[in-house]
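J.: Handing you a structure now.
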Amino acid sequence: MSQGSSGGPEGLKRRDSGSERHDEEEEEGGAAARGNRKRCGEEEEEEVEVPLLLPGDKDGTPAESSSTWSQPPPSPTAAAPPAPPGGLWQTQRCPSALACPIAHCCHGGAKMAALAYNLGKREINHYFNVRNAKALALGVVLLLAACHAASRPYRGNDTCEYLLSRGRFLGKNVWQPHSCMMHIYKNGEAKKCLADKHIVFVGDSRIRQLFYSFVKVINPYVKEEGNKHENIPFEDKTASVRVDFLWYPEVNNSMKQYFRSWIESSASKPNIIMVGAATWSMKIHNGSNEALSQYKNNVTTIAPVLEMLADSSEVYWVLQDPVYEPLLSESRKMITNEKIDAYNEVAVGILNSSTRNSKSKIKMFGVSKLIAEETMKESVDGLHLPDASRDISAMVLMNAYCNKILKPVDGSCCQPLPPLTIIQKITACFFAASIIGYIILNIVHRSNHRKNKLCMDLECGEEKKPSTASPTASVLEILLFSFCKLGLIMAYFYLCDRADIFMKENKFYTHSSFFIPLIYILVLGIFYTENTKETKVLNREQTDEWKGWMQLVILIYHISGASTFLPVYMHVRVLVAAYLFQTGYGHFSFFWSKGDFGIYRLCQVLFRLNFLVVILCIVMDRPYQFYYFVPLVTFWFFVIYTTMAVWPQILQKQANGNCLWLFGLLLKLVFLLMCICFLTYSQGSFEKIFSLWPLSKLFELNGNVYEWWFRWKLDRYAVFHGMLFAFIYLALQKRHVLSEGKGEPLFSNRVSNILLFISVVSFLTYSIWASSCKNKTECNELHPSVSVVQILAFVLIRNIPGYARSVYSSFFAWFGKISLELFICQYHIWLAADTKGILVLIPGNPMLNIIVSTFIFVCVAHEISQITNDLAQIMVPKDNPTLLKRLLCIVGFFSGLLLLSAVQEQLRH
């Protein structure tokens with residue numbers, strides 16, 4: 001997939017392919033590591049470098065800039081390269097790996113097929129490049145935001161109303177409220193929310209069912225026993241929760257008098273009142289119209305009393321559920337759905353209009369009716385709901401009352417918007433100032449450009465046109481433009497996951513929702529297969545491809561909710577371990593071969609890894625550890641850096657002269673392994689170390705470091721395995737044990753076949769073991785030690801055959817270059833509620849919603865990658881004195897952030 005180029009304010013094309021980029025590649029083993037390059041049989045010999053591999057890390061080399069949210073200014077450090085023939089800003093490539101062998105075939109039809117294959121890809125790349133995609137994504141975002149904002153007056157913005165009245169089944173017994181997420185409350189959470197509360201259910205046998213389901217949320221061991229036509233009390237003394245059922249099967253004067261006694265009494269009133277009755281009126285009066293008229297009069301007289309109770313209590317009127325008439329007994333045949341609809345219409349008409357000048361305080365509980373419409377066929381007697389269905393109604397009630405108290409992340413229904421913090425307000429002002437500053441700067445430049453557009457030569461009287469080359473943009477212009485784009489993107493993040501302009505829904509896993517998208521991306525990956533520039537083991541293109549397809553699998557895993565399916569969960573755990581394996585392999589290879597432990601290298605990696613996460617921590621008001629993967633990779637980078645940099649520094653050049661240095665490096669690795677094992681089996685020491693200030697600010701989540709302990713422990717050996725593999729591979733490569741030529745097997749044919757067979761068996765054995773896991777906790781205990789089996793098996797299968805090393809999928813590699821941004825951005829603009837749910841941009845059409853939200857999400861991730869690269873060049877200069885000044889500014893920034901954070905915490909408490 002080719003990337004579109006972008007021009008500056010004056011139309012200047014900005015590309016990071018100048019001499020400085022080549023210097024940087026030489027210095028850091030950048031993205032385009034050079035090796036044996038073949039183009040349709042033509043071979044070019046080049047120096048080989050070991051690439052640095054990091055999830056989302058560009059190895060210190062600026063990625064190709066194709067920022068297209070608007071016309072960006074040209075880079076101050078890179079000159080525009082000459083345009084290739086045809087005027088297209090894209091690399092001229094040979095036909096793909098699939099097409100080249102066909103092209104050599106003498107059959108005319110095969111040649112035509114190969115030509116059509118390449119022309120098709122070229123057409124796609126020409127008309128749908130990154131630039132056009134981002135422009136389209138921006139337009140779609142503006143259109144969707146305008147549509148959602150315009151529809152709010154008509155659809156309302158009360159998620160509580162949606163929770164109580166609208167929804168659908170995602171699957172068996174899985175209820176999805178319209179536009180918001182429903183939290184499944186455990187008994188501990190229920191007791192915490194309802195402590196010192198009094199809840200009353202008033203009505204007939206159907207209300208009694210709801211009463212028992214609600215009580216079982218608090219205490220799952222309660223049994224439904226006792227006289228059914230009497231009042232039933234319940235009390236949980238540990239939480240001081242009282243729940244009562246009052247037997248009033250008809251809406252009559254007795255019910256009214258009981259409610260009035262609450263009003264007249266000086267005692268505290270119930271916190272929640274659930275009222276509903278009608279079927280007994282139909283049954284006793286044989287479904288007569290007179291009974292309906294009497295019901296209407298009784299509801300009319302009781303409505304003002306309920307309104308007065310609603311001033312101090314939450315009052316819900318439960319609409320009558322439909323019945324399944326074929327299962328009704330003879331004594332209940334008069335209870336028909338037609339009569340039930342008439343009674344519900346009366347109740348809604350009176351209770352919803354009981355106050356003329358304002359909205360009724362009585363809430364209509366209609367969700368039970370919707371649930372019954374889908375499940376009443378499973379009823380035992382045709383009148384009462386199945387147990388699973390009434391449990392859903394009880395959980396809806398819990399969400400309606402408790403979400404605003406406990407504020408669960410995955411319970412967006414009935415939850416108020418979080419107030420803006422001091423830090424968020426300051427950040428919004430900063431981004432607004434950046435946008436205004438860039439607009440003013442752009443206006444000034446345009447004004448100056450118009451004045452100097454045509455200058456007249458006074459001597460000869462001829463018009464002299466100014467030079468066609470645009471002046472290089474200033475650092476301030478690029479800085480403002482980058483923050484301008486970033487501010488707009490962060491506004492989109494906030495709207496998606498902190499405001500209520502867009503909707504959210506719960507995840508629901510099905511095998512088809514996970515495996516069908518996998519087939520789609522596999523087909524696309526094969527379609528975009530091309531020749532590699534080099535054929536070394538784990539070359540840059542191959543590792544970008546590896547990161548790309550792994551990231552796509554992880555994204556599908558997250559949005560489909562596949563963590564509930566243990567075999568998929570265990571295989572995805574291997575993918576996360578593989579990312580860390582690449583981190584160990586890439587950084588070790590760089591330090592071992594280059595020996596560059598300078599502050600520039602350190603700051604470049606840290607900036608690229610952490611820039612987006614720091615911004616999101618500020619904008620989305622989340623702790624650093626919330627984005628667990630970045631702290632994990634950052635921590636392991638420091639471990640690798642320290643291991644290689646501390647005395648004695650052992651590098652490849654020294655080891656080539658004396659083998660004793662290899663032994664010294666092995667001792668370092670053994671010591672690292674011992675430290676990992678010590679922390680593994682000493683959780684107390686681990687928690688004490690990372691609970692120290694200021695480390696606690698980085699690694700605490702919800703007031704403790706347990707989450708960090710769990711994440712670290714789960715893949716604790718993966719980085720070490722990557723370092724060890726890199727050491728062995730580079731040693732074998734130096735001694736010319738490996739054959740890494742085009743099309744050549746990695747070892748001799750015999751050894752290659754044996755290793756390939758063992759790798760395939762090992763790969764399948766691990767998959768069989770992972771698929772047979774029955775307990776997640778036990779499998780997680782074994783995972784750190786055995787995940788390396790499948791990782792190494794994959795590496796060998798991918799690299800032993802020469803033809804496998806000679807091709808790669810440019811589709812997967814494109815995603816691999818922005819894998820870190822994809823992993824982080826998914827938290828808020830693809831998923832929702834901090835990954836607990838799914839963002840809904842287009843309600844009512846799940847497939848179209850996924851397509852549109854995915855398209856916008858990928859474009860945003862790519863743009864953030866470009867912004868990070870641009871800012872890295874400015875914020876982390878190569879000049880050490882300038883870099884030290886920038887570091888002092890960054891230290892001051894974080895000090896101010898800590899101070900504001902402390903003030904913010906005091907205000908919250």
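Using the three backbone atoms N, Cα and C, a Cβ is placed for every residue, glycine included.
Where the annotation comes from TrEMBL, it is an automatic prediction and has not been curated.
Pulled these from TrEMBL:
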type	residues	note
REGION	1-88	region 'Disordered'
COMPBIAS	71-85	compositional bias 'Pro residues'
DOMAIN	175-228	domain 'NXPE C-terminal'
DOMAIN	407-887	domain 'Cas1p 10 TM acyl transferase'
TRANSMEM	422-444	transmembrane segment
TRANSMEM	474-495	transmembrane segment
TRANSMEM	507-528	transmembrane segment
TRANSMEM	549-568	transmembrane segment
TRANSMEM	599-620	transmembrane segment
TRANSMEM	626-647	transmembrane segment
TRANSMEM	659-681	transmembrane segment
TRANSMEM	714-732	transmembrane segment
TRANSMEM	753-770	transmembrane segment
TRANSMEM	812-832	transmembrane segment
TRANSMEM	838-862	transmembrane segment
TRANSMEM	883-903	transmembrane segment
J.: In terms of Cβ proximity under 8 Å, which residues at least six beyond the ends of the transmembrane segment (838-862) contact it?
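T.: For the transmembrane segment (838-862), the list is 66, 130, 133-134, 136-137, 140-141, 144, 178-179, 489, 492, 496-497, 502-507, 559, 815, 818, 821-822, 825-826, 829-832.
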J.: Can you tell me which of 474-495, 753-770, 812-832 gets the most C-beta pairs within less than 8 Å of the transmembrane segment (549-568)?
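T.: Most contacts with the transmembrane segment (549-568): 812-832.
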J.: Residues of the same chain, at least six outside the transmembrane segment (507-528), with any C-beta under 8 angstroms of its C-beta?
T.: 1, 96, 98, 121, 170-171, 174, 176, 549, 552-553, 556-557, 559-562, 564-565, 568, 809-812, 836-838
J.: Could you pull out which residues elsewhere in the chain have a CB under 8 Å from any CB of the transmembrane segment (626-647), counting only those six or more residues past its ends?
T.: 54-55, 576, 579-580, 583-584, 587-588, 591-592, 597, 602, 605-606, 609-610, 613, 616-617, 668-669, 672, 698-699, 701, 707-708, 711-712, 715, 719, 723, 820, 823-824, 827, 834
J.: Between the stretches 659-681, 714-732, 753-770, 812-832, 883-903, which one has more Cβ pairs under 8 Å with the transmembrane segment (599-620) than any other?
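T.: Most Cβ pairs under 8 Å with the transmembrane segment (599-620) come from 812-832.
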J.: With a Cβ cut-off under 8 Å, give me the same-chain residues at least six positions beyond the ends of the transmembrane segment (753-770) that come close to it.
T.: 567, 570-571, 574, 747, 779, 786-787, 789-790, 792-794, 796-797, 800-801
J.: Quick one: do the transmembrane segment (474-495) and the transmembrane segment (422-444) reach 3+ CB pairs under 8 Å, ignoring pairs fewer than 6 apart in sequence?
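T.: They are in contact.
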J.: Can you name the far-off residues of the same chain, 6+ from the ends of the transmembrane segment (659-681), with a Cβ under 8 Å from a Cβ of it?
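T.: Answer is 639, 643-644, 648, 650, 712-713, 716-717, 720, 723-724, 727, 731.
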J.: Taking every residue in the domain 'Cas1p 10 TM acyl transferase' (407-887), what is their average pLDDT?
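T.: Mean model confidence (pLDDT) across the domain 'Cas1p 10 TM acyl transferase' (407-887) is 92.
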J.: Could you give me the DSSP helix, strand and coil counts for the domain 'NXPE C-terminal' (175-228)?
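T.: Taking each residue of the domain 'NXPE C-terminal' (175-228) in turn, the totals are 22 helix, 9 strand, 23 coil.
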